[in-house]
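Everything on this sheet refers to the single structure shown next.
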Amino acid sequence: MGSPPEKNVISDSLEKLDLNRSSLSEENTLVPENDQVDHIAETEESVSQLDKQRQMDEQMDGEYPAWCRNGVSSSTSARKRRSDATHSQNVGMHNSHIRPSEDIFNANDPQIKEDIISIIMQYLADEGYHASQSVLYDETNVKWKEREERTMEVKRLKKAILDGDWQEVEKLCLKPLVKNHRSFLYSVYKQQYLEYIERREIQKAFTFLNKRLKPLEHLQAKPNEFKDMCYLLTAKSIPEAASFKNWEGIMAARENLVDQLQSMLEFENADRNGSRHIPHDRLLTLLRQAVAYQIEFSRYHPKIAPTVNSLLEDYTSFVIPNAVGATLTGHRGNVKCVEYIGEEGRRIVSGSSDNTLRIWDTETAKCIDVLEGHRSRVWDVSTTRLGDFISSASGDGTVKIWNVKNTKASCTNTLQGHSGDVYSVKYHPNEHHVVTGGYDKTVRLFDVTTGTIVKTFPGHQLAVTKTIFNPLGNLIISGSKDNTIKFWDIVSGLCIRTISSHLGEVTSVQMNSSGTLLLSSSKDNSNRLWDVRMVRPMRKLKGHQNTSKNFVKANFADNNLIVGGSEDGNVYIWDQDTGEVLQKLRGHSGVVYDAAWNAKQGMLASCSDDQTVKVWWYDEKIPMEI
């Protein structure tokens, strides 16, 4: 297969790579058996709102699959996890129909923006960040200065109206302040006209009526107002006209015009000094309420209020599955790979030796699309964070990019360059590039938009079985049949580190979200956990089988757990801290190649040589099996 010319310089394509950004980024809902988590919200009002929402949810149809059952959360230690998984009584709850959305408040509302700034400044002051608060205050003063200038214009306009300085009034009416308020301009002209009439300057009034008021006749406040103004040219006094029978004189009319201006503009009440009262610890209160909401509507409702140690990701409750929730059938060959589509994980994608990818709905457990186009088996898949695109690596030597945003997926690009099977594909954190590895012993970086090879990384002695990026996106990590793991600098293309202490072919590599731990699988019946900074193995995870001609993979899951496949047909769950096997899931009738966990859905998926994908859940009637 011909390879497109590789770029000698990374140039434009690498400029797209955000090498300093982390790829860290990771709703679920349940009806609780008890309300003990409610005290997390600071106010009784917030708890009350959650209770009301829960009562409403009980009347709704859930979004979660009918096969989803009650579950438990895992705790920190291996023994406690086993105990809690067997005895804890946490109840599954259907998914809420109420989601945080842009409709809740307008983020572009100036008042909302000012409130956010004020809350941030309060927090900075409370925490002693006075310099930062001053900088923020100075920056926001620029905005406040603009509003202050607008306020000054209003004051000038009011004064000009009261003084009868109509030349100044007309000049100010051309500014953005009231430029688009043509009805007010009509009122200004009407006032000038009535003053001409009051002073019996009839000729000036007639000219003004035709030149200024006639074009704005459609803006008259009363049906016959313009007709009455015409009548005033011959009347003895203004109150003779029905529309102006309450005329009290020039100054009273000017004051009424000023009141009309004030009512029309409806200025914001907050002043420059932020005098509006901000409740104590407002930011922390809002954050606690947000976390309480996430806990209240998570898939699993813990009996004891959990401690949240990070606000960078949404709260998720981990369940240790012990039973098959659904079996997804339809592939006509063994299923090599499986992945949840995007962080939300409402769909699953699987790749098979029948040359197709299938997309499954996690709610109905049905296949909703079949992606055809590869001419050989699909070895690996990768999805973007939002789940808009899928990339697939195939034995036909290509990687295909699929747009799955719409109901019917479509192939948007085919990446060529490998001379043989492509075993691995993974999206870069910025999602403009993918890294691939294949039978030709090379690692390649592709631009997914143009389809061009940005760089090739040679150095492995045998086929490259797995390629990934570190969270920052500045390194590529590759595992190979040559028993090594290599770290590549994405800019220079140089191999900066090699791990060669494996006893067998490397079948997969994964990195945790912080980039401090590396998980590798190899054909010596072990998965190894590595300290990336010290470049040393921390512990070995055993119990499964991985020795034959299969690419058996393992992945990080929630709550310091690791999930992986095995040649004995089981899915294994290990404790990351101790290396103990916490659960062995039986159900497949062939080699389990891969297992994937989705935190948002709280589900585990596995794929097998038996041509199926299984979704695993917790059934309290079935004991944990170690």
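Note that the numbers count up from 1, one per residue, in the order the chain is shown.
Glycine is treated like the rest: Cβ placed from N, Cα and C.
Annotations in TrEMBL come from automatic prediction, not curation.
Here's what TrEMBL has on this protein:
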REGION    1-39  region 'Disordered'
REGION    62-104  region 'Disordered'
DOMAIN    150-204  domain 'CTLH'
REPEAT    328-370  repeat 'WD'
REPEAT    371-412  repeat 'WD'
REPEAT    415-456  repeat 'WD'
REPEAT    457-498  repeat 'WD'
REPEAT    499-540  repeat 'WD'
REPEAT    558-584  repeat 'WD'
REPEAT    585-616  repeat 'WD'
With the repeat 'WD' (585-616) as the reference, which stretch in 328-370, 371-412, 415-456, 457-498, 499-540 has the largest tally of C-beta pairs below 8 Å?
328-370
Tell me, what is the mean pLDDT of the repeat 'WD' (499-540)?
90
For the repeat 'WD' (371-412), jot down how many residues DSSP puts in helix, in strand and in coil.
0 helix, 22 strand, 20 coil
